[in-house]
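Per Swiss-Prot, these features apply:
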ACT_SITE  Y237  active site, proton donor
BINDING   F74, E75, D111, A112, L141, A142, K246, V276, V277, T278  NAD(+) binding site
BINDING   Y227  substrate binding site
SITE      E75  site 'Plays an important role in discriminating NADH against NADPH'
Amino acid sequence: MVVEPKILNNICITAHPLGCAKEVENHINYVKSQPKVKSNVKNALILGASGGYGLASRIAIAYGLGAKTMSVSFEKGATARRTATPGWYNNEAFSAFAKKDGIEDKNLILDAFLNASKEEVIKEAKTFFNGEKIDLLIYSLAAPVRMDESTGTLYRSSLKPIGKKYNGIGVDFLTEELLEVSIDPANEDDIKSTVKVMGGEDWKLWTDALLNADLLAENAINVAYSYIGPEMTKAVYREGTIGKAKDHLEATAHELDKEMQEKIKGHAYVSVNKAVVTRSSAVIPTVPLYIGILFKVMKNKGLHEGCIEQMYRLLNEKLYNGGEVPVDSDNRIRLDDWELREDVQKEVLDSWNKLTKDNLKEIADLALFRKDYMNMHGFDEEGIDYSQDVQI
């Protein structure tokens, strides 16, 4: 069929297989163009590896470190009437490129929150890694719901402010119209549910399961991802329900770091990454507008990075730099260091404060935001004829 972007409420519900493959190839080519990262990492497990920072992690690990990668993701294949999810095509594309380049990989389509999935991954890992242990574990799940198997309760994450109603400005990144944004405050159930889905509980369950199965190598590194952001997004992000979940994730990192040091001389870290376009960030009120302004400022300063540049830098400058892993006072790796640089944030804030509907296009690079968003779904890629039928 001919596949075109179909967007409802700023959510793209179609994906183009050839375009997704092209985007994966672009990321692979970026890593190939960089120096190899010196490390002893041979085996990596990436939980949530089909898009965004998880996919970029996998590509950087496979092509930057030359490691075997096992991926866990919860994606859907195509049906007669609809395309597969972007992550499904990303997984397929990565495997095809890896095979061509002689890099071993395995994709598992599982709900990572389930105990049965953890058991399945442990069983598969023992075979796939040929009895060797995992040197690097990446936890990059971004799911809206999680089932608590012990109670049968289904928890849903929400993006809400805490304490008072949020009123602010946002943008429709497709039409480039400024919007007034209003979000009612969270109740206790909203907070609890969001922490349950997006906090550190499941990360700890995975780490403990792998340690108990004796699958984590001596000196193994374990990384989960977080975000802090600027003052202007704090009410709806870092000081809201999502922020409570990130606080829990970061507290869990301290616990896991201690446990891994004691058991395998390993380490667990949270890496605080920069704001990028993801399927999630595109629907967070205020965030697309902030990202559009940030992109403009960082591009002008030669500091702009997407997911793949960030993940290569994580490996090359932070985790495997030949010395100590640089962390802040809370033991977090800071890949948002360029985003939160004083000169960058000052320019972003100045632009934010003088924003009007008339100067929006000058101040915010929404064209780049839109391109990144479309690329994630396999659209707007160079060299692809979107008028042609494609096998979905």
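Using the three backbone atoms N, Cα and C, a Cβ is placed for every residue, glycine included.
All features noted in Swiss-Prot, drawn onto the structure.
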residue	record	contacts (Cβ under 8 Å, 6+ apart)
F74	NAD(+) binding site	I109, L110, D111, A112, A143
E75	site 'Plays an important role in discriminating NADH against NADPH'	S50, A84, T85, G87, W88, N91, I109
L141	NAD(+) binding site	L47, G48, G54, A112, F113, D202
Y227	substrate binding site	Y237, R238, K246, V272, N273, A275, D336
V277	NAD(+) binding site	I291, G306, F369, D372, Y373, M376
Other C-beta atoms that fall within 10 angstroms of the C-beta of K246 (NAD(+) binding site): 24
Lowest local Cβ density among D111, Y237, which the record lists as recorded positions, within 10 Å: D111
Site diameter for NAD(+), Å, by largest Cα distance between F74, E75, D111, A112, L141, A142, K246, V276, V277, T278: 25
